[in-house]
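> My questions all concern the structure below.
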Amino acid sequence: MKTYSILIVAGLLFNGILHIAAQTNDVSIASIVTDAFFNGIVDQSDGGCEGRGFYSRATFLEAVGNYPQFGRVGSEEDSRREIAAFFAHVTHETGHFCFINEINGASQTYCDVNFPQYPCNPSKSYYGRGPLQLTWNYNYAQAGSSIGFDGLNNPEIVATDPLISFRSALWYWTTAVQSVIGQGFGATIRAINGPRECDGVNPDTVSARVQYFTEYCNQLGVSPGDNLRC
């Protein structure tokens, strides 16, 4: 499982404000993320996975209601490409919605003391959880502040409440990833896990993400565009 690189808090907040203010189109997310599309991802995981029964299309669509800018900025092709990108990363992060918690995540605390405004609870660990494997104390704190949960003292809720889990992923996406999607899929890889994968560090994981993206673009009837790798 991945871990996020350190993010500049001011930049996150700026990007979030920018996208909230962006004019949205009239694309229906539900008409693109159909049962067939969503279940086509889930059904590729083992029936015994912890994510089976936790992740659902209905919960995803409910969570999207809190993020009207997700998949609705630009043209319909832009919307379809963004949705393909989001689910490509989710597929890679969770193994087709198999995992809720980062594999061996509990062995690390992911507490970054360089963000004293987000003090870690010494009895908690901030390893990856949810569709985009939310990681690090500062991300949990900010996601919790935005969504309405105590990210520093109750990070586990991202792995126990399906709606909060999806909302955390969409919060991260619209705050830290959506602004770079126009630069190509490769830029979204860099925004999510650049130091651990990009610039030749782990080309296999980059290839896996790109493969999912191109597959989903094909399913959604849109070209993947250029600059697919980071």
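In case you wondered, yes, glycine gets a Cβ from its N, Cα and C as well.
Feature table excerpt (TrEMBL):
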- Glu93: active site, proton donor (ACT_SITE)
- Cys49-Cys98: disulfide bond (DISULFID)
- Cys111-Cys120: disulfide bond (DISULFID)
- Cys198-Cys230: disulfide bond (DISULFID)
- 49-71: domain 'Glycoside hydrolase family 19 catalytic' (DOMAIN)
- 1-22: signal peptide (SIGNAL)
> Note down the number of other Cβ atoms within 10 Å of the Cβ of Cys198 (disulfide bond), including every protein chain shown.
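Excluding its own Cβ, the number within 10 Å is 21.
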> Could you tell me how many residues in the domain 'Glycoside hydrolase family 19 catalytic' (49-71) are helical, how many are strand and how many are coil under DSSP?
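The composition, in the requested order, is 8 helix, 0 strand, 15 coil.
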> Given the disulfide-bonded residues Cys49, Cys98, Cys111, Cys120, and counting only Cβ atoms in the protein chains shown, which has the most within 10 Å of its Cβ?
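Sorting the candidates by Cβ neighbours within 10 Å, the top entry is Cys120.
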> Considering every residue in the domain 'Glycoside hydrolase family 19 catalytic' (49-71), what is the mean pLDDT value?
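Mean pLDDT for the domain 'Glycoside hydrolase family 19 catalytic' (49-71): 96.
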> If I take the Cα of Cys198 (disulfide bond) as reference, which of the recorded positions Cys49, Glu93, Cys98, Cys111 has the closest Cα?
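Nearest listed residue in space: Glu93.
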